[in-house]
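Taken from TrEMBL, the feature active site, proton acceptor applies to ASP164. TrEMBL lists HIS19, HIS42, SER100, GLU118, ASP143, GLY144, ASP164 with the feature S-adenosyl-L-methionine binding site. Taken from TrEMBL, the feature site 'Interaction with substrate rRNA' applies to TYR4.
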Amino acid sequence: MLAYRHAFHAGNHADVLKHLVLTRVLRYMGEKDKPYTLIDTHAGAGGYSVEGRYAQKNAEYGTGVSRLYDATDLPAPLADYMDLVRAFNPDGQLRQYPGSPAIANMLLRETDRLRVYELHSTDHRILASYLEGRANTQVSDRDGFGAIKAELPSPTRRAALLMDPSYEIKTDYGKVLSALREALERAADTVVMVWYPQLQLLESTQLAQRLKASADAAAKKGWLHVRLTVTQADAKGFGMMGSGMFVANPPFTLHDELAECLPLLVERLGQYDGANYVLEQKAV
Ligand code: SAM
């Protein structure tokens, strides 16, 4: 039984980083006429109310998206992502936050294929109803890690994969690593995006290094790693300090776009003086 519900965390600093990267990748994929497939292995409910009792419990969006929502001085890539958040809020007030399937729904064209996986029965039901009737879309309630075998290589050849597990169980760290390797074995040019939490936990601190080694061996177009640290762990070493996104076969434009945004993200989302970012890539 899964306990994690993304509704508690929607719009937090980690969603901002993840969805900024996702938006840039999907914009890039959409520049070519040829359709592509997006596979979202851990999709969540699709969109979230930030006024509901889940999001209000810790009001995580208050130190995330709401610090950027009214800003008029954002670099173009961040402004583009924030326009999508605004489009999801038709009366102008920040009331709802778009999850990865909602961002995909806004950016994919009718000819692009969308494959979303969500294991939690309630979130799966909400997601299926949100995407009902969307062309070229399948919503699955199966294990998202199984999507690699089921979906790759894709009939479109061009494909992007978002892996965004909750890491409720430590085995998720090993599973994303194996899934990255398997995805690149099946289709070496797949744009694979992996989100991970920055924690004082061996599995978390080692993950980026292990993903890099796997991408070094198999990705056709190199990799990019970005991490945004906004706070410190508590005295016992618990708590999420920030998060990272690892992208195998990133668009060549992604590094410079993120370099433009990260100083502002540190300034606006940082919760202590040591807030910082890491941005590194290996271009091939
Ligand atoms: N990607 C979403 C977004 O950006 O809006 C958020 C996803 S949330 C971090 C992780 C989701 O994965 C949760 O909704 C959880 O129920 C679901 N989940 C956990 N294990 C899963 C699995 N093995 N396969 C598919 N979904 C899973």
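Glycine too: its Cβ is placed from the backbone N, Cα and C atoms.
Just so you know, TrEMBL annotations are computer predictions that nobody has curated.
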Widest Cα span across the S-adenosyl-L-methionine binders HIS19, HIS42, SER100, GLU118, ASP143, GLY144, ASP164, in Å? 22
May I ask you to report the DSSP-based helix, strand or coil state of GLY144 (S-adenosyl-L-methionine binding site)? helix
Only counting partners 6 or more residues apart, tell me which same-chain residues put their Cβ under 8 Å from the Cβ of GLY144 (S-adenosyl-L-methionine binding site). ASP40, THR41, HIS42, ALA43, TYR117, GLU118, LEU119, MET163, PRO165
Under a three-state reduction of DSSP output, how is TYR4 (site 'Interaction with substrate rRNA') classified: helix, strand, or coil? coil
Calculate the distance in Å between the alpha carbons (Cα) of HIS19 (S-adenosyl-L-methionine binding site) and ASP164 (active site, proton acceptor), and round it to a whole number. 11
Count of other CB atoms lying within 10 Å of the CB belonging to SER100 (S-adenosyl-L-methionine binding site): 26
